[in-house]
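The domain '2-C-methyl-D-erythritol 2,4-cyclodiphosphate synthase' annotation in TrEMBL covers 1-154. The 4-CDP-2-C-methyl-D-erythritol 2-phosphate binding site annotation in TrEMBL covers 8-10, 34-35, 56-58, 61-65, 132-135, Phe139, Arg142. Taken from TrEMBL, the feature divalent metal cation binding site applies to Asp8, His10, His42. Marked as site 'Transition state stabilizer' by TrEMBL: His34, Thr133.
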Amino acid sequence: MHIGHGFDVHAFAEGRRCILGGVDVPSDRGLMGHSDADVLTHALMDAILGALKEGDIGQLFPDDDPAYEGADSLVLLRRVMEVVRRRGAKLLDCDCTVAAQAPKLAPYREQMRENLARAMGVDVSSVGVKATTTERLGFVGREEGIAAWAVVLLNTDCSGRAGEG
Ligand SMILES: Nc1ccn([C@@H]2O[C@H](COP(=O)(O)O)[C@@H](O)[C@H]2O)c(=O)n1
Ligand SMILES: C[C@@]1(CO)OP(=O)(O)OP(=O)(O)OC[C@H]1O
C-alpha cells in the first residue's frame, strides 16, 4: 500500500475558462496554464504519481511541449492511470480539496467527482472533492488564483511488479 500527496496552484486570467475536475465552471475569469489549467485534476495526478514514486506531471507532460497546449487534463489523468495499471497497482481511494474564494463550487462538486471517477476507472464512492475559501486571506482570498490538494491510497500489491519502492 502506498499513499501519495499532490498540490497545485493556477492563477486567474481574463479570457480563460475555469475548468475544475473536468467541469467548465461558470466564472468571470478562468485559470492560466499551458494545458486547460485544471488545478484539481493536476493535484490528483501528482498525488497518484507520488504514490508510485514516478516523479510529477511536469516530467510526464512537459509544459513546454506543444502536445499539451490546451490539453484536457482528464485525458492526461487517463494516461496517469495507464501508468498505475502498468505498475500492477490499483487506486483504492482519493480525496481532494480545492481552495477558491470564488467561484462557488458546491453546485459542481458531484459532477467533478463523477468526471474524475470515470477518468480513473473507479467508483465515484472512492473519489472525494471538497471546496473551501480561505476567508479572504492570502492569494486565494485575494482571488488571484485557485489551489488544490489531493491524497490517494494505492494498492501496489496487486501484482509482482509493483512491490518495490
Ligand atoms: N469556492 C468555494 C468555497 C467554498 N464552498 C462551500 O462553502 C463552504 C464554506 O466555505 P468556508 O471557506 O467558508 O469554510 C465549504 O464547505 C463549501 O461547501 C464552495 O462551494 N465553493
Ligand atoms: C499538465 C501540464 C502540461 O503543460 O499543465 P500546465 O497547464 O502547464 O499546469 P502546471 O500545473 O503548471 O504544470 C503541469 C503541466 O505538466
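Going from the start of the chain as shown, residues are counted 1 onward.
Even glycines carry a Cβ here, placed using N, Cα and C.
Curation does not apply to TrEMBL; its annotations are automatic.
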Determine, from DSSP, whether His42 (divalent metal cation binding site) sits in helix, strand or coil.
-> helix
Reduced DSSP state (H/G/I helix, E/B strand, rest coil) at Asp8 (4-CDP-2-C-methyl-D-erythritol 2-phosphate binding site) is strand
Looking only at Cβ atoms, how many others are within 10 Å of the one on Ile57 (4-CDP-2-C-methyl-D-erythritol 2-phosphate binding site)?
-> 26
When you measure from the Cβ of His10 (divalent metal cation binding site), how many other Cβ atoms are you left with inside 10 Å?
-> 24
When the number of other CB atoms within 10 A of each residue's CB is tallied over all shown chains, which of the binding-site residues His34, His42, Arg142 has the maximum?
-> His42
His34 (4-CDP-2-C-methyl-D-erythritol 2-phosphate binding site) to His10 (divalent metal cation binding site), Cα to Cα, whole Å, comes out at 10
Given the divalent metal cation site Asp8, His10, His42, its other Cβ neighbours within 8 Å of the Cβ centroid, in chain order, are Val9, Leu31, Gly33, Ala37, Asp38, Val39, Leu40, Thr41, Ala43, Ile146, Ala148
